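> I have a structure I would like to understand better, so I am pasting it below and will then ask my questions one at a time.
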């Protein structure tokens with residue numbers, strides 16, 4: 001096993017760590033630095049807090065000090081000496097910036113009173129004030145550990161659920177996976193021929209309700225005056241058949257059930273029937289009415305067509321004789337219909353049966369007579385066209401449409417004029433009058449549209465191909481002219497990123513370090529010169 005690398009917490013901050021720190025502060029706030037530091041591999045909680053308070057806080061002021069701020073800084077340093085965090089909060093600046101500015105303003109003995117400056121660092125030493133320096137620039141590609149740290153921080157910061165909700169979701173998923181595994185095992189056992197039932201879950205407390213067996217807030221109906229034992233048997237039968245179906249095939253598997261035929265279903269239902277024995281009290285049985293027994297159905301098996309007229313007549317015959325002493329006075333139309341019906345029924349009644357053909361012929365004869373009385377024929381101008389072929393007449397007409405067609409065909413063959421009813425003639429005349437009065441819209445085009453259509457000539461296929469060829473040539477020429485410039489620009493940018501930028505950054509850092517060394521040496525030389533001048537003056541005075 002490879003040795004685990006030991007990281008030293010600290011070092012200069014990178015841009016990636018700054019961005020992760022900002023996002024973590026937005027989520028966890030400025031009081032949970034241990035959670036913030038858990039997202040950064042090379043920083044601890046104190047360093048994260050110092051980095052935020054000294055560099056990344058948007059409320060900090062990094063502008064140059066003014067004269068009023070210098071006076072305020074000196075005043076605060078006298079009032080609360082060595083409490084630079086409090087002074088920085090009062091000034092609205094980082095504590096290290098206030099220390100650096102105070103060291104610049106003071107011109108006293110370095111060994112006694114001067115505080116540690118941020119720039120007094122030699123090459124190779126650990127800078128204790130990395131939190132107040134700008135972040136290091138990102139590299140072209142992130143390292144593996146940085147990429148892993150970024151992925152973990154993104155996953156944790158995007159998670160908006162708490163620990164309890166996450167645990168509940170994990171437990172729910174675990175229960176669902178257990179249930180699916182149990183159902184799969186039960187299905188495999190059923191295929192192997194081993195029947196296993198689903199056990200009820202263990203109750204957490206004694207009064208817990210099992211909603212698969214019991215019904216919440218169920219209220220049993222009070223016994224009534226009617227006997228409902230047959231309905232109870234039917235309900236019990238349906239319940240048992242449903243439980244058996246669920247036990248054998250499942251709750252949602254109904255495709256195979258739809259393919260069953262009716263006799264198979266009936267046979268299966270007869271096998272499941274079971275009598276329900278019930279102890280009824282004597283008191284309730286005395287007040288119950290007997291069961292309603294209906295006559296059994298006369299038609300069983302295949303269905304056949306029933307004539308409405310014969311069924312109505314049979315129903316009238318089955319009615320009992322009236323018990324009233326008065327006679328029912330019918331209207332004239334009802335009396336005529338009754339007389340005709342009585343005549344037809346007497347003539348058609350043979351050996352206690354009503355033939356279907358006699359009833360149909362009587363109804364057709366009545367409808368034909370009624371239609372002939374209502375219709376009044378008048379000559380009309382509409383005739384069958386001579387070029388059309390006359391169809392053959394219908395041998396056995398069944399309705400008015402067939403009879404009307406036979407009448408028109410016979411009139412055409414005999415050369416007689418064809419008559420229509422007054423209603424049809426009036427309707428046709430209205431259609432002709434409405435068609436003659438309608439105005440037909442003009443199809444003349446607008447003059448401007450007509451001139452534009454005449455002047456514009458569509459381009460031919462040869463012209464379109466020529467235009468497409470020219471566009472392609474211009475595009476290739478433009479790409480060739482830009483290609484050399486694009487390569488030069490990419491080469492320059494690559495040289496700048498690989499060579500010039502690192503060199504300039506190193507030179508700038510070296511210049512900054514040398515300049516700070518020179519400034520410290522110059523300050524030391526000035527102090528030594530002043531001390532020598534004072535000693536010379538004292539020597540001259542003593543002489």
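Cβ atoms here come from the backbone N, Cα and C positions, even for glycine.
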> Looking at 33-56, 57-80, which stretch does Swiss-Prot describe as DNA-binding region?
33-56
> Please spell out the DSSP helix, strand and coil residue counts for the domain 'Myb-like' (59-106).
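Helix, strand, coil within the domain 'Myb-like' (59-106): 32 helix, 0 strand, 16 coil.
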> Who are the chain neighbours of the DNA-binding region (33-56) in space, where the CB to CB distance is under 8 Å and they lie at least 6 residues beyond its ends?
7-11, 13, 17-18, 20-22, 24-25, 94-97, 130-134, 145, 149, 152-153, 156-157
